[in-house]
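Annotated compositional bias 'Basic and acidic residues' per TrEMBL: 56-66, 88-98, 186-201, in sequence order. Positions annotated as region 'Disordered' by TrEMBL: 1-66, 88-135, 177-205, 377-398.
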């Protein structure tokens with residue numbers, strides 16, 4: 001198959017040169033940079049003391065006197081003795097009935113006893129075993145004709161033959177791709193440096209200066225009253241236990257029909273499958289797996305990469321801080337006026353005439369090939385006796 005397309009055959013490359021502005025060569029200026037600022041020049045350092053708190057110290061009114069009062073619940077409570085309520089049940093002595101219970105159940109009324117009829121056995125009464133050997137010939141065995149089966153056709157397996165020609169691994173992309181030489185883009189990301197110092201902190205904090213310890217008293221816990229178990233024994237007798245009278249009742253005889261007759265002879269468990277079955281020996285088929293052409297590596301994997309082997313660790317130097325040591329605010333108000341605020345002149349935003357041309361005083365002229373509509377502004381002046389407005393040459397695109 002020819003891989004040439006219509007686009008490849010008809011395509012003509014063009015040499016397009018884009019105009020680029022030459023970058024001026026950087027030339028460092030001579031002399032030293034003056035790092036002095038107005039803040040450094042006008043700054044007057046002075047000592048700063050801890051700020052005094054305007055909040056008064058908290059006072060707790062505590063007394064060590066013991067509270068000796070009786071609550072209302074304990075003063076008004078009256079303990080009453082609980083009396084046992086008398087039983088309203090009429091005590092009657094149990095007298096067993098002298099007559100027989102004459103209410104038969106529905107099962108006893110509808111039940112009709114029937115004599116069981118055993119099923120008739122088809123087995124001969126007298127079975128005599130034959131003296132000679134058992135004749136196991138069946139109609140299938142005597143009438144079966146053995147046919148010779150032809151051997152199954154087995155297709156011979158073709159042996160794998162590797163190709164002598166080299167493998168064509170050249171793709172269309174590799175063949176038609178033309179790499180354009182170019183420089184790698186430079187990263188604008190600044191180098192990550194450690195900001196800070198490993199030296200211990202020397203000085204005091206605002207929390208340490210303003211902190212005032214307060215005396216705190218331990219809370220008082222209420223001690224519960226100790227449980228005292230009762231000394232009298234608990235009366236576990238109930239009205240059911242005291243008034244219950246146990247009666248001797250004979251179990252009721254079940255109304256069940258008599259069981260059927262059971263055979264006492266030995267069970268003959270010989271079947272045709274047990275006598276004629278022949279177990280076949282089955283061998284499992286082996287796996288048809290091709291041996292790998294590329295052998296697996298046996299040595300230990302070395303996890304050392306190019307980055308680890310060529311990496312050199314450098315110690316980062318923290319940048320020098322230009323912040324003054326003692327920063328104190330001055331009483332003079334800060335001048336926040338800038339040249340941009342002083343010289344800035346706000347401009348009126350022009351409205352596009354394409355949104356509402358009739359009310360803004362524009363007349364539609366034409367539309368270009370790219371779909372842009374052009375409008376022309378109409379002046380309010382009038383020329384002589386003619387009352388029609390005179391259009392100006394001020395096009396506006398929507």
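Heads up, the Cβ atoms here are built off N, Cα and C, so glycines get one too.
Outside the compositional bias 'Basic and acidic residues' (56-66) by six or more residues, the chain places 212, 214, 217 with a CB less than 8 A from a CB of the stretch. In terms of DSSP helix, strand and coil, the region 'Disordered' (1-66) has 10 helix, 0 strand, 56 coil.
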